[in-house]
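Listed in TrEMBL:
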DOMAIN    20-59  domain 'Beta/gamma crystallin 'Greek key''
DOMAIN    60-104  domain 'Beta/gamma crystallin 'Greek key''
DOMAIN    110-151  domain 'Beta/gamma crystallin 'Greek key''
DOMAIN    152-194  domain 'Beta/gamma crystallin 'Greek key''
Amino acid sequence: MATDHQNPASKQQQPGTSAFKLVIYEQENFQGRCHELTGACNNLQEAGVEKVGSILVLCGPWVGFEQANCKGEQYVFEKGEYPRWDSWTNSRRSDTIAAFRPIKVDSQEHKIVLYENPSFAGKKIEIIDDDVPSFHAHGYQEKVSSVRVQNGTWVGYQYPGYRGYQYLFEKGEYKDTSEFGAQFPQIQSVRRIRDMQSWVIEKIVKMPVLCSSCADKRAVLKRPKTGHSLCKECFFWAFEEEVHQTIMAAKLFRSGERVGIAASGGKDSTVLAHVMKLLNERHNYGLELMLLSVDEGITGYRDDSLETVKRNQQQYELPLKIVSYEELYGWTMDAIVKQVGLKNNCTFCGVFRRQALDRGAIMLKVDKICTGHNADDVAETVLMNVLRGDIARLRRCTSISTTSEGEGVVPRCKPLKYAYEKEIVLYAYFKKLDYFSTECIYSVNAYRGYARTFLKDLESVRSSSIMDIIHSGENLSVRDGVKMPVQGTCSRCGYISSQALCKSCVLLEGLNRGLPKLGIGKHHRLHDKILSQQPLTEKEERKLKLADF
């Protein structure tokens, strides 16, 4: 039911006896003609609403739809003010709302189970009376194809931190993605929908937990790293000062240095940029900070994340340099995947990205690069190198800073080395940082993914597993007599290498010759032929082509 008003309704208007009341303004910031809804409206245009510019929810939660008859993208509204379209969505797909209906809040108790496969099959994550800003931080990294809501009303989000497309889940069963309106089986955060009365009851029934640090404010989280219950302000201070202590203990920087922050737009690099700028000012590091990004050429992924980096540049007022695979190597990852497939594409990307960061750092004339590798990343790398038997990398992978001698190599460091990924997610969420949270579309078969799953399983039975693995890696020693690679330089490009040709040059040679397997595996004996531009034998070419790649 819609009622048309020529003059804007007062934002102080009382909801009266109606269980649901919503006011639509045709212009932003509650200006222009307004229309009042007290019930479902399947077609706003037919009800005389020409445009939705801003929304005032006076009573009850509502769901809006991109298309008439309650179809298309969903937008959940709770009591409050929404002055423009980006206050109710950050999916950036559409700013149109064509239909509304009230949401029935089922009960004060909440329970939802999300399943990996349709028809409630595969791995699952069960959530009871809690909001979860990141499934990934809770060890669930699978897709979500079906959902069973046993109690309460929920809203799921495409990305961590309650971002991206929204999906309303009322009590019942959703056997596949089409039943909750998703194009892709991707949900990475979920929260409860509660009306104001439920909030009041909960506040009366549940005694608030006070912050264990200040003992004054109400705690909003329990730190995964220490188990302490902290308020937001104490958590921010603890997280930031722990990073500061890591920097000071390892003597990562010297006053006057130019430091490039490797920025991908993801949560780790965004938190790193924010914290580095904050600590540089708070503790007077005397650093000149700048952002350095690599464009791998992945359509629908890296182009979107670079838009986030550009916004970060404006938010943090730091210089930004973007280097691309295409300009450095003549290839994009889209083109590489077309040639090599999805089996070993991460090898190409990892090798090229490392060299691209160094080249970008030289262009910026920085003294050091700092990356957003966190404690989870370091522990995963230790496990991967153990499983591969890679002694050389195992020996150096836990180092907080790395330096290599050679042309075009810039020292690197990891200020977030001891920061848990869960805490980085919480810090970004509570700080409301602007970051991009989609996994790379080409990383589905990445070896690291298996190590990550194994690590999460370990952490579920032993909470200190991440730090235990890092400390084990730091204290490993290699016995005398073990043959180790000798660092040299590439005969073609001058980059560091333990072989006549660096990995990047070998991979490029394989791509350019149509022999993508040339850089995968051990083909060092062919390096002399490549350097002297000798043709490969028919047997060698057949072995290196794509047949089983």
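Each Cβ is built from the backbone N, Cα and C atoms, and glycine gets one as well.
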Inset, instruction - Would you mind splitting the domain 'Beta/gamma crystallin 'Greek key'' (60-104) into helix, strand and coil residue counts from DSSP? - result: 3 helix, 20 strand, 22 coil
Legend entry - Structural state census, the domain 'Beta/gamma crystallin 'Greek key'' (152-194) (DSSP three-state): 3 helix, 20 strand, 20 coil
Legend entry - Counts by DSSP class (helix H/G/I, strand E/B, coil) across the domain 'Beta/gamma crystallin 'Greek key'' (20-59): 0 helix, 21 strand, 19 coil
Legend entry - Per-residue pLDDT averaged over the domain 'Beta/gamma crystallin 'Greek key'' (110-151), given as an integer: 88
